[in-house]
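Taken straight from TrEMBL:
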- 20-45: transmembrane segment (TRANSMEM)
- 57-75: transmembrane segment (TRANSMEM)
- 103-121: transmembrane segment (TRANSMEM)
- 133-154: transmembrane segment (TRANSMEM)
- 166-188: transmembrane segment (TRANSMEM)
- 194-215: transmembrane segment (TRANSMEM)
- 257-283: transmembrane segment (TRANSMEM)
- 289-314: transmembrane segment (TRANSMEM)
- 335-359: transmembrane segment (TRANSMEM)
- 365-385: transmembrane segment (TRANSMEM)
- 397-416: transmembrane segment (TRANSMEM)
- 422-448: transmembrane segment (TRANSMEM)
Amino acid sequence: MLSTFNILLIKDLLNKYSRFIEDIIISMIPRSLAMGIGLITSVMIARGLGPEDIGNYAIILSISSLVVVLSDMGINQTAVRYASIALSNNDIEKHHMALRWAFRLRMITAIVVTILFIIVSKYILSNIWHAEYLWKLTIISLITSVFSIMAFVPQIYFQSQKKFRMYALIATTQTIIIFCGILLLSIFNYWSLTIVVVINFVATFIGTVLSFIVIPNSVLFSSTDFKNITIRNFYCKVLKAPKLYNNKHQFMNPDSFLFFIIISTIILAITQKLDIWIMGYFVDKIQIGIYYIATSVTLPLSVVLWGTLIVVLPHTSTALSYEESMNKLKKISQLSIILVVFGIMYSIFIPILIPFIFGEKYIDGVLIAQILCFGYCIYMLTNPLQMIGYNFGLIKYYWLINLAQLLIIIVINIVFLPEIGIFASAIAIVLSNTIGLIVSLALLILVIKKSPMLKSNYIDQ
């Protein structure tokens, strides 16, 4: 039980960081709404199309959704960081320049990946999935993904300005428009796979156009970016990050920062899927099913973490002195502790509801879910902490931490899955996240102890 002193302390911290918490709650809305509406939409589409067409729809989305993932790889995070820094110096031109660079990079990547997928998907659909008839619909869905990617610019524009209400509004617009389109199909009972794919395309296009209306044109395009462009200087003029600083002591230019973010993103993407992949070899499908249900209980915690990172990134990025970074570190640490306290309470009590929500056959997933949720609480401490580490140049070490975590999960699963089943995977995640937190914290403490050198070499605009 919490003592009276601890309760008063938490209450005081809640009052102190009420604005931060309000921004986090607002930033959670898009993902929460997407999850809720996504569930309702999935039910309507499943009922309307039937098992065969919903299977075809899943195949189409499995291809097109990859375009969104592969076109980001940390570009958004990099853009928000450097756009926020520019804005903190009241440099609107460099703020827009950073966003235009990210827009160019994502669009070029998206177009290249889309063309590649259009070519490859024809072969895969024909020869592997024996569903060549889905190719034209897959092309439409791939183009839909490109428009969806375009809509990220208005989102990070407002995120970098710390206008989280506008961020939430822009991020939810497309979701609501798509939902309205599917709702109309349900009302008029005019279901077909083609109509569903086209509705997604039209709704995404409308949402993207509407989001562009509320931002300046200079966020998307400036003729100066393409002045005197040739094939020889194409990389430097179009793909290479613009010079956003004049300071020789900056820890990390945008290109280097993006490079390390991409490596970490790839490792984390593999890590998140790895436990299920290894389970597929060592345990039966029943245990995998129980584990899958247990992981679904962590989704609300992932929404909280997402909202936290949306708010924390622009705040930490604008700490342009050693003292400011230390102040942000204190605030974010206290805020993370508040969230983790509620996360631990969630971890204890909510998983108990698994047999009541999913059925008695999933009762073995209760303890698994509690362990996984606790592991996520540790991750909720680590991730915001690492964002402060960006200011000290620690991004170049984080991929090594991620790689070590990946190896820990591999070893523990291979050694202990045959002995204790899916508990091994849950324990591996907790241990991996704990080591990630300890090493990240140790690195931060180590670099802070070198404060005299840091103060002279810190980013100072």
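Using N, Cα and C of the backbone, Cβ positions are placed for all residues, glycine too.
Listed by sequence, the residues of this chain that lie at least six past the ends of the transmembrane segment (194-215) yet keep a Cβ under 8 A from its Cβ atoms are 45, 48-49, 57, 60, 137, 140-141, 143-144, 147-148, 150-151, 153-155, 157, 166, 170, 173-174, 177-178, 180-182, 185. Sequence-distant contacts of the transmembrane segment (57-75) (same chain, six or more residues past either end, CB-CB distance under 8 Å): 45, 49, 102, 105-106, 109-110, 113-114, 117, 121, 124-125, 129, 131, 134, 137-138, 141-142, 144-146, 148-149, 152, 193, 196-197, 258, 261-262, 264-266, 269. Long-range contacts of the transmembrane segment (422-448) within the same chain, counting only residues at least 6 positions beyond its ends with a Cβ under 8 Å from a Cβ of the stretch, are 271, 275, 278-279, 283, 287-288, 290-291, 294, 326, 329, 367-368, 371-372, 374-376, 378-379, 381-382, 385-386, 388-389, 392-394, 397-398, 401-402, 404-406, 408-409, 412-413, 415-416, 454. Within the same chain, residues 56, 59-61, 63-65, 67-68, 71-72, 76, 99, 102-103, 106-107, 110-111, 114, 117-118, 121-122, 125-126, 170, 174, 193-194, 197-198, 200-201, 204-205, 207-208, 211-212, 214-215, 219-220 sit at least 6 positions outside the transmembrane segment (133-154) and bring their C-beta atoms closer than 8 Å to a C-beta of that stretch. For the transmembrane segment (103-121), same-chain residues at least 6 beyond its ends with a Cβ under 8 Å from one of its own Cβ atoms are 63-64, 66-67, 70-72, 75-76, 135, 138-139, 142-143, 145-146, 149-150, 152-153, 219-220, 225, 238-239.
Counting only same-chain residues 6+ beyond the ends of the transmembrane segment (257-283), those with a CB under 8 A from a CB of the stretch are 69, 72-75, 77-78, 81-82, 241, 291-292, 390, 395-396, 398-399, 402-403, 405-406, 409-410, 413-414, 417-418, 421-422, 425, 428-429, 432.
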